Ligand SMILES: NC(=O)C1=CN([C@@H]2O[C@H](COP(=O)(O)OP(=O)(O)OC[C@H]3O[C@@H](n4cnc5c(N)ncnc54)[C@H](OP(=O)(O)O)[C@@H]3O)[C@@H](O)[C@H]2O)[C@@H](O)CC1
Ligand SMILES: Nc1ncnc2c1ncn2[C@@H]1O[C@H](COP(=O)(O)OP(=O)(O)O)[C@@H](O)[C@H]1O
């Protein structure tokens, strides 16, 4: 509590350097953090006002006494005192509710949060904005809208996934005097830096030729959804695959002449020599499950996407498979409602990986990657990527990285970040109305930008 409160005071000092600080303490340990922060701010010579609810929490009580001993009067927190205090405040520290909150919110607390929300004074929340449920991505009706959040010990799921995360503003993570590698090991999920991602990108040597840069097959497409494999093929080319061939039961539009395309019954593909990697399912329709079963039987690196994401494939995969469901497909795979996936994407990704093995990319903004040992939440991307064909592009990117020799884990982590970065660059260039081909066309620039983080 002492470390947490001091970190909150440091953040106020840095980000809200002048004016009156109004601190609000609830009755739990979250309130205790606010009381500690008030003591440190007082020591820094700041103008501080402290409003607190009654508490039975022993450490919170102790810190209330300590603050009083420093000469600051702790005033009772009520709608009337809060209203008055807000008029004189330049920043509010929200220590009402933290991880101990269990909904539904009681009306008395709801009224206080409502007053905070109606005020224009910026809020810094401790651990998470009051009203958010730490392990849920759902945004409740009544929640503090914070400018910043100082979170303690590690990311909580609510701070990672929109729309709940939007209530948190800018998030600072504060370690709690435990060694960093311990935090990494114990954390629910990791977030890799761009430099960590870039260090996993494949390196191409001077004597490379198209046969060594990865032969990739795209198995997809049916009448009405023929763009899907074409987009995957373009994504694979732009992610550096040496040779990309599309196999489809119908005639795929040749969106770029570098792609090769064959019309055939894809279930007869087993007769051909195997590629280095394959992506299966994009727009493939009814044949998708049988095609995926065949591809998984080849025991080569594979991406299973879209129509091929079928619950019957549980137990058929192997370690070098990347499964790429969006929340709707994830719900189909697990036999649950989509809301169950979006409420807690980390738990959903874990369940998917436990059930299907390999590596799971649960797509979204942000996407979650699950391996047998670790959960990762990826960075970046752009809301403009919520458009048709973006997932097909990602499948091609992932297959290209597998084809260039990356493990399923490294291909997933680099591929998802490359795709997201390309989306960010495409959004900068086009502003609005992003198309999947725009994102593919930025993959080279995204690659350079990520590599650039290794040199800086
Ligand atoms: N290592 C750590 O863990 C560290 C944790 N730390 C901090 O501790 C925080 C967790 O503290 P916590 O467990 O005391 O809970 P907290 O969020 O303060 O809320 C509990 C209070 O909320 C109330 N309340 C609950 N539901 C409610 C409802 N529906 N509607 C209305 N009220 C409701 C409930 O009231 P009661 O039921 O008692 O009347 C109870 O008093 C964590 O977020 C972080 O800030 C740091 O100090 C660093 C080390
Ligand atoms: N709001 C967003 N922020 C970041 N990335 C997003 C967002 N919306 C979608 N994406 C990304 O775009 C892709 C969409 O995939 P998907 O829904 O499978 O598209 P499709 O099936 O049309 O190809 C995913 O990789 C996802 O992570």
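Here, residue 1 is simply the first one shown, and the rest follow in order.
Every residue gets a Cβ built from N, Cα and C, even glycine.
Sequence-distant neighbours of residue 283 ((6S)-NADPHX binding site): residues of the same chain at least 6 apart with a C-beta under 8 Å from its C-beta are 220, 221, 222, 224, 225, 226, 227, 228, 229, 306, 307, 392. According to DSSP, residue 283 ((6S)-NADPHX binding site) sits in a coil region rather than a helix or strand. According to TrEMBL, the (6S)-NADPHX binding site annotation covers 228, 283, 326, 392.
Positions annotated as AMP binding site by TrEMBL: 363, 364, 365, 366, 367, 391. Cβ neighbour count for residue 365 (AMP binding site) (all protein chains, 10 Å cutoff from its Cβ): 16.
The domain 'YjeF N-terminal' feature in TrEMBL is assigned to 1-184.
Here TrEMBL flags 193-450 as domain 'YjeF C-terminal'.
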Worksheet item: By a simple count, how many Cβ atoms lie within 10 Å of the Cβ of residue 363 (AMP binding site), its own Cβ left out?
Response: 25
Response to the item:
In three-state DSSP terms, residue 392 ((6S)-NADPHX binding site) is classed as helix
Worksheet item: Could you give the Cα-Cα distance between residue 367 (AMP binding site) and residue 326 ((6S)-NADPHX binding site), in whole Å?
Response: 9
Worksheet item: Taking each of the binding-site residues 326, 366, 392 in turn and counting other Cβ atoms within 10 Å of its Cβ, which one has the fewest?
Response: 326
Response to the item:
Taking the centre of the Cβ atoms of 363, 364, 365, 366, 367, 391 as the AMP site, the remaining residues of that chain with Cβ inside 8 Å are 326, 361, 362, 368, 378, 381, 385, 416
Worksheet item: How big is the (6S)-NADPHX site in terms of the longest C-alpha to C-alpha distance among 228, 283, 326, 392, in angstrom?
Response: 15
Fill in: Distance, residue 366 (AMP binding site) to residue 326 ((6S)-NADPHX binding site) (CA atoms, angstrom)
11
